[in-house]
Amino acid sequence: MVFKRYWFALKNGYNVAFKNSSKTDNFMEEQIDSHKEVIDRMTDLSMLRLFETYLEGCPQLVLQLYTFLELGQANFSQYAAILVSCCAISWSTVAYQVALRKSLPDKNLLNGFCPKFTYLFYKLFTLLSWKLSIVLLLFLDVKIALFLLLFLWFLGILWAFKKQTQFCASISMEFLYRVVVGFILIFTFFNIKGQNTKCPMFCYYIVRVLATVGILVVFWVSPVSIFNSDYFMSISITIALTLVLGIIFLIVYYGTFHPNRNEETKPDEIDGKITQRDCRMKYFLME
């Protein structure tokens with residue numbers, strides 16, 4: 001499926017870039033449509049890469065962190081591997097946001113070094129803090145940790161159903177899409193319908209902060225014997241610091257760098273055509 005999408009994107013991109021410019025009246029219109037189709041397909045691929053990264057990378061990263069903390073020792077290369085994994089997962093979200101905004105006619109582009117890296121650091125720090133919190137909960141009780149993750153997954157799926165997404169051409173694929181989105185929502189906030197998410201995001205990170213603080217308090221009340229006090233202190237500081245930094249970068253991004261929504265697109269006075277506003281909001285993942 002992914003290979004097929006890459007093939008069509010490359011083929012259409014080649015046609016747009018190197019197609020002979022015949023002097024027909026419809027050439028410019030056809031070229032614009034072809035260019036839009038290439039962007040749409042690349043956006044689909046970006047979303048599939050995002051799904052793949054979270055589905056594979058997040059469980060692997062939790063396992064890595066659990067192993068390192070259990071052993072109590074890790075060299076520089078192991079810490080570097082964890083950091084690179086977190087950056088790769090976070091960057092997949094940035095790449096998806098950049099591609100998505102290119103495909104939406106009523107969205108400003110996410111351009112520039114500062115907006116992209118501010119968004120990257122927001123995702124990186126909040127993700128790392130939550131992963132460490134999950135690992136600590138696994139040390140406390142594996143059953144409780146799994147129950148919490150499954151409960152959050154269930155809530156994410158319910159949220160996707162509540163939003164009534166229409167990104168796939170079939171009911172079965174739409175159900176799968178919502179299940180995957182629910183899984184991603186365990187680890188990070190994900191705008192599943194391209195709408196204003198100020199209130200949902202606020203609630204999401206309030207719950208995240210409360211859950212993180214709750215896990216740390218439980219560990220301080222009943223510490224696990226595998227940690228000495230100094231070691232656990234450094235982990236607690238890392239969790240709290242990365243969470244605070246992540247929230248700060250979130251506020252900076254949405255307060256300063258987040259592209260504002262364009263004014264409603266008006267028909268061209270010359271040709272009278274109306275831009276399709278929901279072209280990527282419906283049947284986003286194609287056949």
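Every residue gets a Cβ built from N, Cα and C, even glycine.
Annotations in TrEMBL come from automatic prediction, not curation.
Under the heading transmembrane segment, TrEMBL lists 79-99 (among others).
Annotation source TrEMBL lists transmembrane segment at 119-139 (among others).
Here the transmembrane segment (144-161) has long-range neighbours at 134, 137-138, 177-179, 181-186, 192, 200, 211, meaning same-chain residues at least 6 beyond its ends whose C-beta is under 8 angstroms from one of its own. The transmembrane segment feature in TrEMBL is assigned to 144-161 (among others).
The transmembrane segment annotation in TrEMBL covers 167-190 (among others).
Among the features that TrEMBL reports, transmembrane segment is placed at 202-221 (among others).
Summarising the annotation, TrEMBL assigns transmembrane segment to 233-256 (among others).
Only residues 6 or more beyond the boundaries of the transmembrane segment (202-221), in the same chain, are considered here, and those with a CB under 8 A from a CB of the stretch are 126, 129-130, 133, 136-137, 140, 148, 185, 189, 232, 236, 239-240, 243, 247, 250. Same-chain residues lying 6+ beyond the ends of the transmembrane segment (79-99) with a Cβ under 8 Å from its Cβ atoms: 39, 42-43, 46-47, 49-50, 53-54, 57-58, 60-61, 64-65, 68, 109-110, 116, 119-120, 123-124, 127-128, 131, 188.
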